[in-house]
Every structure is written in C-alpha cells, then in structure tokens.
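Q: Sending over a structure as structure tokens; questions will come in a sec.
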Amino acid sequence: MEGDGVPWGSEPESGPGPGGGGVIRELCRGFGRYRRYLGRLRQNLRDTQKFFRDLRGSQPRGCPSSPAEGGEAGRGPAGDVAATGLPAGQLSCISFPPKEEKRLQQMVDCLPCILILGQDCSVKCQLLNLLLGVQVLPTNKLGGENCKLRRLRFTYGTQTRVSLALPDRYELVHTLAAHQGTWETVPEEDLEAREDSEDAARVLAELEVTMRHALLQEVDIVVAPCQGLRPTVDVLSDLVNDFLPVITYALHKDELSERDEQELQEIRKYFSFPIFFFKVPKLGSEIIDSSTERMESERSPLHRQLTDLGYLSSSLCNCGAPGQDTKAQSMLVEQSEKLRHLNTFSHQVLQTRLVDAAKALNLVHCRCLDIFINQAFDMQRDLQITPKRLEYTRKKENELYESLMNIANRKQEEMKDMIVETLNTMKEELLDDAANMEFKDVIVPENGEPVGTREIKCCIRQIQELIISRLNQAVANKLISSVDYLRESFVGTLERCLQSLEKSQDVSVHITSNYLKQILNAAYHVEVTFHSGSSVTRMLWEQIKQIIQRITWVSPPAITLEWKRKVAQEAIESLSASKLAKSICSQFRTRLNSSHEAFAASLRQLEAGHSGRLEKTEDLWLKVRKDHAPRLARLSLESRSLQDVLLHRKPKLGQELGRGQYGVVYLCDSWGGHFPCALKSVVPPDEKHWNDLALEFHYMRSLPKHERLVDLHGSVIDYSYGGGSSIAVLLIMERLHRDLYTGLKAGLALETRLQIALDVVEGIRFLHSQGLVHRDVKLKNVLLDKQNRAKITDLGFCKPEAMMSGSIVGTPIHMAPELFTGKYDNSVDVYAFGILFWYICSGSVKLPEAFERCASKDHLWNNVRRGARPERLPVFDEECWQLMEACWDGDPSQRPLLGIVQPMLQGIMDRLCKSHSERPNRGLDDST
C-alpha cells in the first residue's frame with residue numbers, strides 16, 4: 001500500500017545540518033565500493049567452489065573425499081589414488097573444509113546495513129534524519145518511559161511506501177495511518193507497537209519504509225526498537241546472520257546513564273562489533289563551530305565512560321578515530337559537524353570484513369596449491385626413482401643368487417673335510433653317547449635278553465638320529481656363518497627397496513619379498529630346517545638306513561652297551577662324507593634355483609604393475625601441472641590482489657622505466673608503506689599466460705625474503721586498464737638503482753664485478769634450495785642497488801622442477817643446449833651463469849663473436865647445440881676461464897654445483913683483488 005506522503009527525492013538538498021549532501025555522497029561511494037569488491041569476492045568464492053567440485057568429480061568412484069566419508073575404505077594403494085594424484089589420506093587437505101566454506105559463504109552473502117542504536121528513541125530518529133538529510137521521522141514526541149518504538153527498516157524503492165512486515169520479511173496486510181492521507185513524517189501511531197493490540201504478530205512486526213534515496217540504494221538502515229520492547233542484543237542476533245551491521249549509537253546527554261552502560265556491556269559481551277558513537281545536536285540548536293568546542297586534549301565524561309567500558313582506547317585521539325588502514329575500532333564524535341567521520345568508520349568496518357574474507361579464501365588457495373606442488377614433486381620423484389629401484393632390486397637379487405650359488409659350490413669340499421674332521425673328533429664322544437643312550441618308547445630288559453625286531457629297529461633309528469643331529473649342527477653353523485655375512489652386506493637394503501616397491505601394490509600380498517626370503521631360507525634358516533626334519537634330513541636318514549640295513553644278524557641281538565657302540569661304529573664308518581656334502585649342496589642349489597626363478601617371475605609381475613601405475617601417475621602429474629595448479633593459482637592471485645587493493649589501494653603509475661616481452665615497468669613512488677617501488681604491468685593475452693603469471697606470483701609470494709632476490713610487495717588486478725578494454729596485473733616490487741647491463745656499460749671495477757657474480761650465485765643457490773629453477777638468468781635480470789650489490793629479478797620463467805613442462809623458455813644466448821630437448825633440470829641456471837660470468841669478466845656488454853655472427857635465433861640455437869660457446873678474451877684469468885667452461889659444459893652432469901662454484905669465486909676474488917691492483921682500463925668505478 002502506498003501512502004500519500006512526501007515523495008523524497010534521490011538526492012537530498014544540502015542544508016545547514018551535519019548530514020548534508022557531501023556526507024551522503026561519501027557514504028554512497030563507500031558502500032558502493034564495498035558492493036563492487038564483495039561481488040568480486042563472491043565470484044572468486046563461486047569459482048573456488050566449482051574448482052573443488054570439479055576436483056571431487058575427477059576422483060574415481062569409491063575413493064573417499066575425506067577420511068570421515070571414506071573411513072577405512074580405499075586403503076589399498078590401487079584404490080586410494082584419486083585422479084588428482086593424491087592419496088585418499090590427503091584428499092581432505094585439498095578439499096574445501098565445510099566449516100571454512102560455510103563461514104566464507106556467510107561473509108560474502110551478508111550485505112551491509114546501518115543499525116541505529118541510541119539513548120532514547122527520539123535521538124535515534126534524529127540521527128536517521130541526519131543520515132538521510134531529510135525529515136522522515138518525527139522527533140519531538142517520541143521518547144520517554146512510555147515509548148514503544150517498533151523496529152524500523154528503510155530500504156530503496158522507486159516509490160514511497162510504508163508497510164508492516166514480520167522478521168522473516170512476510171508483509172502484513174494492515175491499514176496504517178500513513179495510508180489514510182497526506183503526511184510529512186511517518187505518523188507516530190505507525191511507529192509505535194501497541195502491546196494492547198489483539199494481533200501479537202503486529203506487535204513484533206517491523207515498519208518497512210521504502211523510499212527513493214541515493215544512500216538507501218547502497219545500504220539499508222535499521223532503527224532499533226525500544227529497549228523495553230526488545231533487548232538490543234536480540235536485535236543484533238537477528239541481524240548478524242544476514243547482514244553486516246555498521247552500528248551507530250546516538251547520544252544527546254553528556255553522560256551515559258546506568259541503563260545505557262548496561263546495554264553497551266551486554267553488546268560487548270556477546271559481540272565484537274565496533275560502534276560509532278555520535279552526539280546528536282539538540283533540536284533547534286545552531287551548529288557550533290568546532291573551534292569553540294572542548295580542546296582535543298581534554299577527555300569528556302562520555303569518552304572516559306566509553307574507555308572504561310572498553311570501547312575506546314586512551315591512546316587514540318579524542319574522537320577515538322583509528323588510522324586509515326588499521327582494523328576498525330569504535331569511535332566517539334561529540335561535534336555534530338563531524339558526522340563525516342562516519343565515512344571513515346564505515347569504510348574501516350566494511351574493509352575489515354572484506355580483508356578478512358579475502359585473507360581466509362587466499363589461505364585455502366595457498367594451502368591447497370602448496371599441496372599440489374608438493375605432490376608434483378612426489379610424483380616426479382616416483383616417476384624417476386621407481387624404475388631405478390626395480391633395476392636395483394633385479395641387480396642385487398642376482399648378485400645374492402650368484403653369491404649363494406658360489407657358497408654352495410665352494411663349500412662342498414669344505415663340508416666334506418668338515419664332516420670327516422667332525423666325525424674323527426667326535427667319534428669317541430658319539431660312541432659313548434650312543435652306548436649311554438636311553439631309548440624312548442622302547443622297553444629294554446635289565447638282564448639284556450633279546451627283544452623283538454620292531455624294538456631293534458626303533459633303537460637303531462634313535463642311534464642314527466643322535467649321530468645325524470650332531471652332524472647337522474656342524475653343517476648348519478658352517479652355512480649360517482657365510483650367509484649372515486651376505487645378509488649384513490646388502491640383503492637389508494634389498495629388502496627395504498622391495499618393501500617400498502610393494503607399498504604401492506596390494507599390502508596384503510608381498511610375493512616378491514616372500515621369494516627373497518625363500519632364497520635366504522635355503523641357507524640361514526638351515527638350523528630350523530634341519531631340526532624340523534627337512535628334506536635334507538630325510539635324505540641323510542635314507543642314506544644311513546641303507547647302511548644299517550646291510551647289517552645282518554641271525555637272531556635278534558641283546559640290547560647291551562657293546563651292541564649300541566657297535567651299531568654306532570658301523571653307522572659312522574659307513575657314512576660317505578663326500579656324498580653327504582654333495583647331496584647337501586645339490587639340494588641347496590635346487591632350492592636356490594627354484595626361489596630365484598620364482599623371484600624373477602614375481603619381480604616381472606611387480607614391474608608390470610608399476611608400469612601401469614607410473615603411466616597413470618604421469619597423466620596425473622600432467623593434470624596437476626597443466627590444470628589443477630594453474631587454475632587454483634589464478635584464484636589465489638585474484639584473492640590476494642583483492643586483499644592488497646583493499647589494504648593499500650591501487651598504486652599510481654609514474655614514469656615508464658622500461659619494457660619487456662610481456663609487460664611495462666613503471667616508477668611508483670610509494671605503496672603499502674614501501675618506498676620507492678617499481679611497478680610491472682602485465683596484460684596476459686590468453687589463459688596460458690594468465691596461469692603462468694599466477695604461478696609465478698605464487699612462487700614469489702611463497703619465497704622467504706632473501707637479500708639476493710628482489711622483494712615482491714604485492715599485486716593488484718586493474719580491471720579498468722586501457723580504459724576498461726583489458727585486465728592488467730600490477731606487480732609492485734622493490735625498486736633498485738639499475739640493471740647489470742647498464743652497470744657494465746657504465747663501467748665497473750673488477751672487484752665489484754666479482755662481488756656481483758658472487759651475489760648472483762648466492763641468489764640462484766637460494767632459489768634452487770627452494771626447489772625453483774629461474775630459467776632466465778641474464779644481464780637485465782640482475783639488478784644493482786646503489787652499493788652495486790646484486791639482486792635477481794623477473795621470476796617470470798621461474799618454476800619448481802616438478803612443475804616444469806619442458807617448454808623452451810629463456811633468452812637465446814643464455815639457454816643451455818638441453819633446453820631445446822625439453823628435458824632439463826636446475827643445471828640450466830649454471831649454464832646461464834657461465835655465460836653471465838663471461839660478460840662479468842669481460843667488463844662489457846659486447847656479444848661473444850660466436851653469437852654475434854648468428855643471423856637469427858634459429859641459427860644461434862643450432863650453433864649452441866653444436867657446441868658454439870663464447871671465445872676466450874685476453875683479459876681473462878685462467879681460473880675464471882676454466883670456471884666458465886665448466887659451467888657451460890654441454891653435458892649437464894659435468895657442470896659444477898653452485899655450492900662448489902661459490903667458494904671458487906670467493907677464492908678468485910681474494911686472489912685477484914688482494915694480490916695486485918687493477919689495470920687502468922679495467923678498474924674504472926662507475927661514477928653514476
């Protein structure tokens with residue numbers, strides 16, 4: 001229902017009041033800015049959620065997205081590797097934690113609103129009128145003990161409209177006084193909630209006033225109801241779930257009442273929102289010039305009370321205003337003409353929310369991006385190390401097999417001699433033991449009378465077992481001593497290597513390891529085998545049984561001491577030591593051959609399984625490098641850039657300092673507390689360049705600060721670049737004096753140049769220690785400060801080794817030959833340093849002759865691949881020349897490590913710069 005009230009315009013007329021058009025315009029600008037950035041943040045969150053949905057969708061069915069969902073399922077290695085390349089145990093780390101997602105969703109869904117609290121209803125209405133710049137609410141009749149002001153909400157609409165609505169925004173169909181006729185301010189009877197009303201819903205309903213006003217187009221305004229009608233804490237509780245409240249508290253007295261203090265204490269107890277305290281001028285009073293007000297250094301009673309309540313800090317100024325870029329804090333304004341401070345306060349409240357949301361979102365991006373990069377390293381290592389492990393396992397098992405076969409062949413004669421020696425030394429002892437032997441399960445008459453054939457056989461068998469057990473122990477000890485040596489030498493490493501290979505297969509079946517154990521069982525478990533009645537024992541038993549069977553008698557003998565010695569004597573004399581040793585070694589070889597063949601077959605099966613797994617791993621590695629990581633890096637760049645622009649605003653471009661292949665470098669006087677700065681403006685032409693830039697930014701921001709690397713201060717995405725025709729990424733970094741190219745042209749002393757070389761090596765070593773490869777080390781990417789100390793810049797081609805795709809990048813004359821094959825590592829930086837060192841030692845920027853003769857890049861690349869290198873100049877020191885040659889060696893494995901290069905350089909510098917002075921033409925310090 002529409003009322004016939006005053007059709008308030010979209011722009012209030014500027015009047016003498018403190019809430020003039022200037023304040024309203026600033027508020028509109030601030031809330032409009034918040035909505036724009038909130039829209040970008042909301043879009044980034046939507047893209048992030050879509051990224052994680054796509055990531056979950058790419059996982060194979062049955063693979064849990066988190067431990068809570070999957071439990072113990074999918075623990076087998078074949079089933080716990082998702083299409084992301086990540087084991088199931090780590091999938092929870094690359095998911096969007098539900099609590100964080102819910103919190104961020106709530107943060108971006110909450111639109112701002114201005115909430116007006118106050119000492120009484122009259123002063124709240126007065127502040128509302130000041131904010132809108134027009135008289136909307138009556139102020140002279142409200143307030144007092146009997147006031148029952150309901151909650152009021154002011155929203156934007158093309159027509160003026162007044163209605164009642166429940167808290168869930170359902171509109172009540174009630175006839176209001178505002179509907180009855182013409183009015184200038186909202187009728188009082190519509191503002192008050194009458195408790196004697198028969199309709200309970202009408203008492204709880206809020207009055208919604210829709211009007212065409214510039215400020216309401218950006219933000220809703222809510223006037224809190226009377227404390228007696230509903231506590232302020234309850235009002236705030238309703239609001240915070242759907243809105244971000246910018247809380248104002250209207251004052252008209254010089255001090256807070258006890259009820260006011262209690263209300264503020266309750267708010268502080270349950271909420272952490274800052275509050276803008278504003279002392280509203282008395283009705284009809286003139287605005288007093290601030291020069292006649294209390295001196296800033298004096299603290300008013302209100303200020304002291306609010307300080308005691310914890311809202312204000314004694315370290316802030318009298319108005320309680322914090323600095324421009326600090327976290328939002330409560331503020332007290334007692335001069336009515338300073339309502340403009342509400343702009344600063346609201347800016348800080350809104351900015352704090354945006355920065356917190358952007359920071360939380362960026363943390364999710366960075367955490368998951370780091371996991372992807374670490375997983376890329378793990379996958380790359382897996383691809384490199386698994387074939388080597390398989391080859392090592394095959395080689396070592398073969399060595400073990402051959403060693404054990406040699407033992408079997410070599411030990412046969414030793415066993416024969418050992419058996420003869422053992423029998424000779426133990427013969428009397430064995431005969432005595434046999435004579436004194438107490439038979440088991442055989443009843444021998446005390447008078448020595450003959451017993452039956454069955455008992456005789458049992459007695460003979462027990463005597464045989466006694467002799468064999470003693471002999472077996474000696475043979476076992478001989479074999480065990482040999483195999484234990486093998487076990488100590490390399491079997492342990494072989495077992496560990498097998499375990500790591502079998503980890504990625506079915507954990508319940510380690511067939512290959514079992515066959516390895518069988519190979520060893522043939523020897524070092526011989527003691528257990530002999531004592532448990534192995535085939536060797538049975539073979540010995542059969543051999544001795546044949547000997548014993550040749551002993552004949554006419555009638556069963558008497559079981560006497562002499563008979564037992566005779567049986568043992570004949571058994572010992574009838575044993576053939578050579579045949580026994582040959583049989584033992586033959587059976588040992590048979591076992592070895594059987595286990596070796598089974599091991600080889602199972603290893604081939606294991607290798608086939610790994611071959612399929614590695615093929616999938618390589619696909620996953622490519623997906624992480626080409627899709628997952630770049631996509632997430634772009635989201636991270638957007639969220640971090642949003643955070644930077646909120647905190648430090650967009651930087652101002654100064655004069656152009658230089659141009660590169662992908663961007664322009666400008667001077668930037670100051671940004672984010674850094675002075676002076678350089679600003680690199682990059683306009684990515686396509687998705688690939690966007691992704692490369694985003695990853696570059698992540699690597700640079702992730703690096704710890706280092707004195708040999710140029711600092712990156714931050715980034716801002718400029719959506720209005722080129723008049724809005726394109727989007728540019730502005731990278732704000734440390735500004736230095738000049739680059740090495742300019743320095744060499746101007747002239748640098750030898751000691752200075754060698755120190756620069758040391759600085760460059762230190763910087764590259766640091767990058768390598770972080771797993772990064774620069775890939776574009778050259779004169780113009782080495783910057784010098786005013787003391788001519790060097791820092792490496794332009795990490796545009798810098799990537800972790802595991803994230804490199806083999807693309808050909810860099811500057812032609814500094815590019816190592818293997819770069820053209822697409823297979824390279826961090827030694828390409830050593831090559832590039834060798835070329836850079838040639839320039840440093842030459843002291844000029846003149847191209848080497850071998851490169852100067854090349855008519856094109858292709859010609860240059862072909863010459864480099866054929867071995868073309870810079871020539872030796874007469875001024876070169878022998879050790880310097882040898883170092884250059886070593887660095888640009890065509891074989892990457894022959895290039896020295898930078899940990900070796902650095903002390904060599906230091907030695908060269910100490911020798912050349914301390915032993916003799918510079919030549920006149922080479923010792924010119926740069927005077928600029």
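Just so you know, glycine gets a Cβ as well, placed from its N, Cα and C.
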Q: Among Lys680, Lys688, indicate the single residue that Swiss-Prot lists for the ATP site containing Leu657, Gly658, Arg659, Gly660, Gln661, Tyr662, Gly663, Val664, Val665.
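A: Looking through Lys680, Lys688, the residue Swiss-Prot assigns to the ATP site is Lys680.
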Q: To which of the residue ranges 394-430, 579-615, 616-652, 838-874 does Swiss-Prot assign the term coiled coil?
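A: From Swiss-Prot, the annotated coiled coil range turns out to be 394-430.
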Q: Taking only the residues the record lists as binding ATP, namely Leu657, Gly658, Arg659, Gly660, Gln661, Tyr662, Gly663, Val664, Val665, Lys680, what is the largest Cα to Cα distance between any two of them, in Å to the nearest whole number?
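A: Max span of the ATP binding residues, Cα based, is 14 Å.
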Q: CB neighbours of Val665 (ATP binding site) within 10 A?
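A: Result for Val665 (ATP binding site): 20 other Cβ atoms within 10 Å.
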Q: Taking the mean position of the Cβ atoms of Leu657, Gly658, Arg659, Gly660, Gln661, Tyr662, Gly663, Val664, Val665, Lys680 as the ATP site, which residues outside that list, in the same chain, have a Cβ no more than 8 Å away, listed in sequence order?
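A: In sequence order, the nearby non-listed residues are Ser681, Val682.
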Q: Taking the Cβ of Arg659 (ATP binding site) as the centre, count every other Cβ atom within 10 Å, in any protein chain shown.
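A: Taking all protein chains shown, Arg659 (ATP binding site) has 10 Cβ neighbours within 10 Å.
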Q: Through the lens of DSSP with three states only, how would you label Gln661 (ATP binding site)?
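A: For Gln661 (ATP binding site) - judged by DSSP and reduced to three states - the answer is coil.
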Q: When the pLDDT values for the domain 'Protein kinase' (651-905) are averaged, what is the result?
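A: Taking every residue in the domain 'Protein kinase' (651-905) and averaging pLDDT yields 90.
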Q: So which of the binding-site residues is most packed in, judged by how many other Cβ atoms lie within 10 Å of its Cβ, out of Gln661, Gly663?
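A: Highest number of other Cβ atoms within 10 Å: Gly663.
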Q: Have a look around Leu657 (ATP binding site) and count the other CB atoms within 10 A of its CB, chains all included.
A: 14
